[in-house]
Structure formats: structure tokens, C-alpha cells
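Visitor: Sharing a structure with you now.
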């Protein structure tokens with residue numbers, strides 16, 4: 001099947017990410033989608049920079065209108081942002097019968113009703129997974145994963161800039177202004193950070209989630225929007241003493257009197273998982289009447305995390321037109337003809353770290369013998385804990401954490417260690433994963 | 001459009017959940033799916049109990065074959081479990097051209113290749129969101145949300161029974177056998193807990209995720225399966241001292257030498273979010289090359305959480321046949337004709353708890369004045385923190401956490417509190433959500 005032809009409007013940070021991820025993972029994406037996804041044309045005012053990124057692999061134009069009017073293009077990816085020209089281009093693309101993928105939360109929170117109605121009328125889709133919480137597939141979860149539920153509320157850390165600032169304020173006890181400057185220096189906050197720190201960006205995203213959760217039109221003008229600029233370090237400290245963390249939450253809740261839609265700094269009990277979401281990470285907690293609480297966590301911004309969401313939307317569009325309609329999504333994610341039979345490795349060949357606990361005699365030289373055996377088997381030690389032998393005890397527990405090694409090395413080493421006269425009984429081995 | 005007709009095989013815990021959630025949320029589900037979802041027939045050996053649950057709202061039969069052969073039925077939901085009769089029924093349903101929804105991880109991990117091939121050949125789908133991590137839409141995330149990525153690894157707490165036991169062992173310093181008995185008493189572990197505690201259930205789920213992540217056939221026989229029965233309380237304690245928690249993880253990882261597929265107790269750094277998943281909750285962490293790390297958290301078992309996943313699969317099937325193919329999933333989750341315009345409430349009407357910080361004179365009677373004003377405005381206090389006045393200070397910080405109240409009550413109370421002579425400056429107000 002011919003690749004789906006994509007017109008990319010804007011090749012800044014996210015656009016560059018979309019281009020490079022599609023390029024890098026094309027083979028695997030095609031196996032999933034059933035057809036290739038090809039960037040046909042890139043429109044960007046800075047054509048020179050665009051050409052440098054694209055290196056001849058796509059057409060580059062400066063006029064985005066050329067893209068939305070090009071009959072060869074099936075899908076337009078809008079990454080320009082804002083309400084102005086972006087709206088015009090999205091509507092023109094829809095009008096020309098093209099599917100649209102956009103990461104533009106501002107546009108959808110303010111003009112979504114008009115855009116979705118136009119798309120519905122023309123029989124095209126507007127996909128926007130990247131508009132909320134970046135790479136986290138939260139739109140899909142709400143729209144498809146939780147359809148059995150009456151959603152009761154959603155609370156999300158949906159702005160990485162403010163979460164980074166709040167984490168820093170708490171960790172270092174610094175005031176807002178100081179941390180903001182640091183965030184700007186590190187690239188976590190923009191030169192003009194107003195939309196982030198005043199809560200507007202989070203409110204755009206909360207507005208979109210509110211519509212999806214409750215089946216209401218998007219209505220950003222009704223959202224209560226409050227940022228973190230007035231927050232003092234002292235309140236973060238007092239909250240901590242009382243067992244709470246302060247996060248900027250986007251909240252939408254259904255009550256018997258109507259729907260709440262609000263963004264503001266919020267105390268959350270420290271023991272909740274979402275209270276422990278630190279730095280620039282995002283997380284959305286959803287309460288459904290059947291499923292109870294679910295939480296979705298990941299990177300909410302950045303070139304490749306956002307590209308991940310944009311491309312997932314493109315795969316959704318591609319899958320609409322592959323195979324029979326009943327198999328829009330293949331059972332095992334990859335098209336049946338595109339499965340591979342990669343070896344599943346025997347356990348001896350896997351690589352991980354290890355926790356080892358030994359009962360050893362409390363005499364000199366024991367540790368030297370053990371570490372020699374480990375070294376001979378290419379195992380290096382990351383951390384060690386030795387309990388002092390209790391009164392009257394002549395043995396003690398020795399605990400070691402190793403760096404990564406093959407399981408067969410550990411098994412060989414353990415056999416030799418257990419043969420030592422100074423080691424009693426068998427060695428307890430538990431695998432360790434850093435998950436970083 | 002005529003409701004989609006469902007045949008339910010087995011109305012035990014999960015089947016009962018499916019029946020009652022569909023019944024309770026039918027209106028909202030129909031608005032999302034574009035057509036109703038109707039339980040046409042329930043098959044269960046215990047027809048008496050089934051009749052009591054169903055109360056005449058569906059046909060009840062004892063012979064499941066009647067359901068898979070009934071030409072009126074569009075979709076068969078298999079909730080029998082195991083490899084025996086369940087396999088036979090699923091294949092018969094497929095053969096009769098019916099879609100299948102199943103929560104049966106054992107069946108899919110062992111016979112999935114045969115079942116998916118049969119479904120593909122007959123042009124029907126087999127959906128199985130409930131088979132992994134219960135109510136968490138992790139299959140959808142892997143199969144559709146993360147399609148842009150080369151998945152690098154998945155690590156999941158995907159068995160609630162063992163996670164409950166490990167949490168209790170750690171919290172209470174108790175040994176495995178003691179906690180297992182407690183878990184059985186509380187209903188977190190079955191009378192015969194072998195499949196859970198020996199890691200088999202987790203390995204079934206890891207096997208399914210491995211296939212979806214890497215595009216390989218399901219092959220449970222290649223999985224390394226190790227449970228928690230040999231784990232000592234002492235190792236949990238030592239791990240804690242070294243900054244780690246021990247969790248039973250299902251892990252699958254792609255390396256240059258092949259794929260790792262293994263279930264075993266694993267040390268994880270305590271600072272990772274997934275290390276803080278406690279009790280019977282599940283969580284799956286996925287590493288993709290573009291998106292980085294994402295995590296999905298929720299209830300992995302239970303009647304309604306599992307029903308949530310089963311019904312989401314039914315909505316997916318229903319949506320295949322509603323509207324035009326391009327609008328399989330409505331933009332805003334609900335069908336365009338089924339949107340409502342529920343009021344978004346003004347901020348004064350919202351209900352939440354509050355953190356209040358006041359600067360008060362260090363004299364008697366201050367607190368009485370303030371608490372009187374709060375009580376007059378229907379605000380009750382949940383916790384209070386008063387800093388001792390420093391040497392030479394005649395003022396001090398007073399921090400109060402309130403129970404839930406309307407925002408307008410708080411604003412009225414604050415205005416009166418600020419008018420007190422003993423209160424200096426303005427009151428700092430931050431909202432508080434329990435998110436429980």
C-alpha cells in the first residue's frame with residue numbers, strides 16, 4: 001500500500017522530532033500501521049533551517065497554504081501553535097478533505113467546537129493526542145480506554161514548566177522568582193513564560209479533557225485560571241509539615257450542580273502517587289465510577305515525546321485505511337504479516353544487576369575471597385552492607401549489590417562462593433532493575 | 001441503530017461486574033459508542049444464581065454452546081478462564097463470525113497465536129484489554145498510543161495479590177506465610193493461590209505484552225517464571241536500607257541478542273514512582289525510544305475495574321460499525337449528536353478543602369475569634385499548625401486546613417478574618433484536594 005502522505009506545518013522543536021522519529025522508526029511504524037507514513041512537504045518560514053533538517057527527504061516550502069491545498073497530501077500536521085494562522089490552515093485543510101493532526105491545545109480549547117464540526121461535516125478526523133500531556137496517551141485513554149465509566153473527576157499535572165519550578169522551590173527552599181530564572185536558563189521555561197506560570201496552558205489542556213470526559217463542548221472561557229506566581233516557599237514548607245505537596249493541578253469534576261473546571265496550586269497528600277511526580281514530568285489521575293482511580297505518567301513536552309503522540313495519531317489515520325475495517329488495529333499491534341520471531345533468550349543470557357545476601361564467618365579474608373570470585377566472573381560491586389556481628393555471634397550477614405552482568409556469571413560465581421568454608425548455607429540472589 | 005447483542009459466558013465476579021456496569025452506565029456508554037450494548041444471553045452453569053443477578057433482563061442458559069451458535073449474537077464475552085472449554089468456545093464463536101472479548105490471559109498467553117490467526121481469517125476481532133492489568137488501558141496504550149516508538153522494555157506490577165503480600169511484608173515486617181493467610185482472609189488471595197504467588201499469572205500477562213511490544217508471537221513456554229514464595233522479610237528490610245523496594249515484576253526487554261521475558265522478585269530504587277505502587281494496585285512502566293518512560297497505574301483486578309476494560313472492548317467493537325469509518329472514535333469521545341451542555345460552575349460554587357495561612361497577634365482570644373468566623377460560614381477545621389512566636393516576635397503564623405466547603409464561604413470568611421485587628425495583612429488561601 002502506498003505510504004500516507006503527510007504535510008508538516010512548522011518544523012521547530014516538535015516538527016523536528018516528528019521528522020526524525022518517523023525517519024528512525026519507519027520500518028517498525030510501517031509494520032504497525034500497515035502502510036508507510038511519509039513526510040511529503042514541510043512548510044516553514046525558515047526554509048533554510050528546514051532544508052538543513054530535511055536533507056532532501058521532503059519538499060520544503062515557505063507558504064503553508066501550498067501544503068493544505070496540495071492534492072497529493074492526505075494528512076496535515078499542524079505544529080504552528082496559536083489561534084491565528086493555525087486556525088485558518090486547519091480549517092482550510094479540513095475543507096480540502098484532509099485529515100488533521102495537531103498539538104495545538106490553545107486552538108482546540110478556544111475554537112475546538114468549530115473545528116470538530118467542520119471535520120465531522122467533511123468526513124475527516126482531527127487528532128490531537130499531543131495537545132494534552134505530550135507523550136502520555138491520555139486522550140486515547142479517556143476517549144477509548146475508559147468508555148465504560150462515568151468519569152467523576154480528572155486531576156492532572158499537565159504543565160511541566162510549573163511542576164519543575166514547584167519541585168525546585170520545595171527541594172531547595174527557594175522563592176518563585178529565583179527558580180523561574182533557573183528554569184529559563186535550563187530551558188524548562190520560555191523567555192516569556194506567562195502562559196505556563198499563569199496556568200493558561202494547563203487550563204487549555206484541562207478544558208479539552210473536560211469536554212472529552214463529560215461530553216460537553218470545549219469552553220475555555222469558563223475555566224478558572226490561577227498560576228503559581230504568587231506562591232511562597234513558606235507555604236510549600238508548611239504544607240510539607242502537614243503531609244502535603246503543592247502542585248499546579250488542572251481539575252475538572254462533575255457534581256450534581258454542574259461541572260467544575262479549574263487550574264490552581266493545590267495541596268495533595270504526599271502519600272498519593274501523583275504528589276510524587278517531580279520535575280518536568282506530567283501525570284493525569286482519572287476517577288471513573290467503574291475502574292476507580294487510574295493514573296497516566298510521562299513526559300509532557302519535548303521534541304520526541306510530543307512527536308510520539310503526533311505519530312500515534314498518524315498511525316491511527318493510516319490504520320483507518322488499511323486491512324479490513326474490523327482489523328483497524330491488529331491484535332498484536334503489528335500487522336499479522338509483519339510479525340517477526342526474535343529469539344526469547346534463555347535466562348543465563350539475560351543481563352541485570354543483583355542483590356546478594358550471604359551468611360559469612362566474621363573473620364579476616366572472607367571479603368577478599370568473595371570479591372576475588374566475583375571479579376573473576378566479570379561481576380563488579382555497586383554497594384555493600386555488612387551487619388556487625390551481634391554479641392556472641394561469629395557470623396554475620398553480608399549484602400552486596402552488583403553492577404549489571406549476565407545471569408550465568410552470577411550463577412557461576414554463587415556456586416564458587418557457596419563452596420567457601422567461610423560462607424554458610426546458600427546465597428540469596430534477587431535481581432535488581434534500575435528502571436531509569 | 002440497533003444495540004449490539006452480547007453473549008456473556010460466565011457471570012461470576014467479573015461477569016456480574018460487566019452486567020451491572022452496563023446496566024448502570026448504559027445511557028453514557030451509548031452516547032459514546034453510537035449504539036447500545038445489550039447483554040442478550042448469559043451462559044452459566046449456575047443458572048439459579050445467574051437468574052438472580054440478571055432479573056429477567058437477559059436470557060439465561062446453562063449451555064455456553066447455545067450462545068456461541070446463536071445467530072442473534074454479535075459479540076461473545078468469554079469470562080470462563082483456563083485453557084479447556086474456554087478455548088473451544090472462543091474458537092467456535094470466531095468460526096461463527098462473532099467478535100470475541102476475553103479477560104483470559106492464560107488462554108491468550110498459551111493459545112493466542114492460534115486464536116488470533118483464526119480471528120484474522122474470519123474477519124473478526126478478539127479484544128483482550130481486561131487480560132492485562134485489569135482496568136488500566138495498557139493494551140490500548142501499547143497497541144495504539146505508543147506506535148511511534150521502538151519499545152525498549154516494559155516492567156510491570158501486574159499481579160495484585162503478590163503486590164499486596166509484598167506491601168504487607170514490608171509494612172509489618174512479617175514473613176510470607178503469615179501474610180498469605182491474611183491476604184486469603186481478606187479476599188486478596190485465592191484459596192489456591194499458586195498461579196499468583198508462583199508468578200504464573202504475571203508471566204501470562206508479561207507474555208502478552210511482550211508480543212505486542214516487539215511484534216513476536218505469544219510464547220509463554222519461553223518465559224522465566226519465579227514467584228515470591230521464597231522471599232524473606234529480612235531481604236525486604238535490607239533492600240529498604242539500601243534504598244530499594246522489592247516488587248514482583250513482569251519484565252520484557254529487547255536487547256541486541258534477543259528478547260528477555262521474565263517474572264521474578266526485583267529490587268527497584270525507592271525513588272521510582274513504580275516502587276511506590278502499594279497494596280493490590282497494578283502499574284506498568286514502558287520505555288519507548290521516542291516518548292521515554294511512561295507509566296500506567298490502576299486497579300488490576302476486581303469486578304468493576306475488570307468490567308471497565310471488557311466494556312471498553314465492547315465499545316470498540318460497537319464503534320467499528322457506527323458512523324462513517326473515519327469517525328470510528330468521536331473527536332470528543334461522545335457522538336456529536338450526543339453532546340450535552342452541562343453548566344460549568346462559577347468558582348464561588350465549587351467545593352474543595354483549603355489551606356489558610358494567617359499572620360496573627362500572639363495574644364489570647366485570637367483563635368477563638370477566627371474559629372467563630374469560620375464556623376459561622378459553615379467551615380470546619382481539619383488540622384492546624386501554629387508556629388511558636390520567635391524571641392521578640394509578637395506575631396506568629398497560623399496555618400489551618402479546612403474540611404470541604406464552598407469557595408464562596410471561604411471568601412466570605414476570609415474577608416471577615418482579615419478585618420480582625422489581631423490579624424495582619426491578607427490571608428493566604430490555597431486549595432486542597434484529597435484525590436482519594
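Just so it is clear, glycine is given a Cβ too, placed from its N, Cα and C backbone atoms.
A TrEMBL annotation is a machine prediction, not a hand-curated record.
Relevant sequence annotations retrieved from TrEMBL are reproduced here:
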{"type": "BINDING", "residues": "A:9, A:10, A:11, A:12, A:13, A:14, A:15, A:16", "note": "NADP(+) binding site"}
{"type": "BINDING", "residues": "A:105", "note": "NADPH binding site"}
{"type": "BINDING", "residues": "A:190", "note": "L-homoserine binding site"}
{"type": "ACT_SITE", "residues": "A:205", "note": "active site, proton donor"}
{"type": "DOMAIN", "residues": "A:355-435", "note": "domain 'ACT'"}
Visitor: Sort the recorded positions A:105, A:190, A:205 by C-alpha distance from residue A:13 (NADP(+) binding site) and give me just the closest.
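Guide: Minimum Cα distance from residue A:13 (NADP(+) binding site) across A:105, A:190, A:205 lands on A:190.
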Visitor: Express the distance between the Cα positions of residue A:16 (NADP(+) binding site) and the residue listed as 'L-homoserine binding site' as a whole number of Å.
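Guide: Per the Cα atoms, residue A:16 (NADP(+) binding site) and the residue listed as 'L-homoserine binding site' stand 18 Å apart.
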Visitor: Hey, of A:9, A:105, A:190, which of those binding-site residues are within 10 Å of residue A:205 (active site, proton donor), Cα to Cα?
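Guide: Taking A:9, A:105, A:190 one by one, the ones whose Cα falls within 10 Å of residue A:205 (active site, proton donor) are A:105.
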Visitor: State the mean pLDDT for the domain 'ACT' (A:355-435).
Guide: 94
Visitor: List the other residues in this chain whose Cβ sits within 8 Å of the Cβ centroid of the NADP(+) site residues A:9, A:10, A:11, A:12, A:13, A:14, A:15, A:16, in sequence order.
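Guide: Sorted by sequence, the hits are A:8, A:17, A:18, A:44, A:79.
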Visitor: Which number gives the other C-beta atoms within 10 angstroms of the C-beta of residue A:15 (NADP(+) binding site), all protein chains shown included?
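Guide: Here the count is 27.
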Visitor: Between residue A:14 (NADP(+) binding site) and residue A:190 (L-homoserine binding site), how far is it from one CA atom to the other, in Å?
Guide: 15
Visitor: Can you name the residues of this chain that are 6 or more positions from residue A:9 (NADP(+) binding site) yet have a C-beta less than 8 Å from its C-beta?
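Guide: Sequence-distant Cβ neighbours: A:15, A:43, A:64, A:67, A:68, A:76, A:77, A:78, A:79, A:80, A:86, A:89.
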Visitor: Quiz question: given the binding-site residues A:12, A:190, which has the greatest number of C-beta atoms lying within 10 angstroms of its own C-beta?
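Guide: Comparing the binding-site residues A:12, A:190, the most crowded Cβ belongs to A:12.
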Visitor: When the domain 'ACT' (A:355-435) is classified with DSSP, how many of its residues are helical, how many are strand and how many are coil?
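Guide: The breakdown for the domain 'ACT' (A:355-435) reads 23 helix, 33 strand, 25 coil.
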Visitor: Nearest of the binding-site residues to residue A:190 (L-homoserine binding site) by CA-CA distance, picking from A:11, A:12, A:105?
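Guide: The answer is A:12.
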Visitor: When you measure from the Cβ of residue A:11 (NADP(+) binding site), which residues in the chain that are at least 6 apart have a Cβ under 8 Å away?
Guide: A:19, A:42, A:44, A:49, A:50, A:53, A:54, A:79
Visitor: Please list residues from the chain of the residue listed as 'NADPH binding site' whose Cβ is under 8 angstroms from its Cβ, counting only those at least six apart in sequence.
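Guide: Non-local contacts for the residue listed as 'NADPH binding site': A:128, A:131, A:132, A:201, A:204, A:205, A:208.
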Visitor: Identify, in sequence order, the residues in the chain of residue A:10 (NADP(+) binding site) that are 6 or more apart from it along the sequence and have a CB within less than 8 Å of its CB; answer 'none' if there are none.
Guide: A:43, A:44, A:78, A:79, A:80, A:81
Visitor: Including all protein chains shown, what's the count of other C-beta atoms within 10 A of the C-beta of residue A:16 (NADP(+) binding site)?
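Guide: Its Cβ has 22 other Cβ atoms within 10 Å.
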Visitor: Three-state secondary structure of residue A:9 (NADP(+) binding site) from DSSP?
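Guide: It is in a strand.
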Visitor: Let me know the DSSP-derived helix, strand or coil state of residue A:190 (L-homoserine binding site), please.
Guide: coil
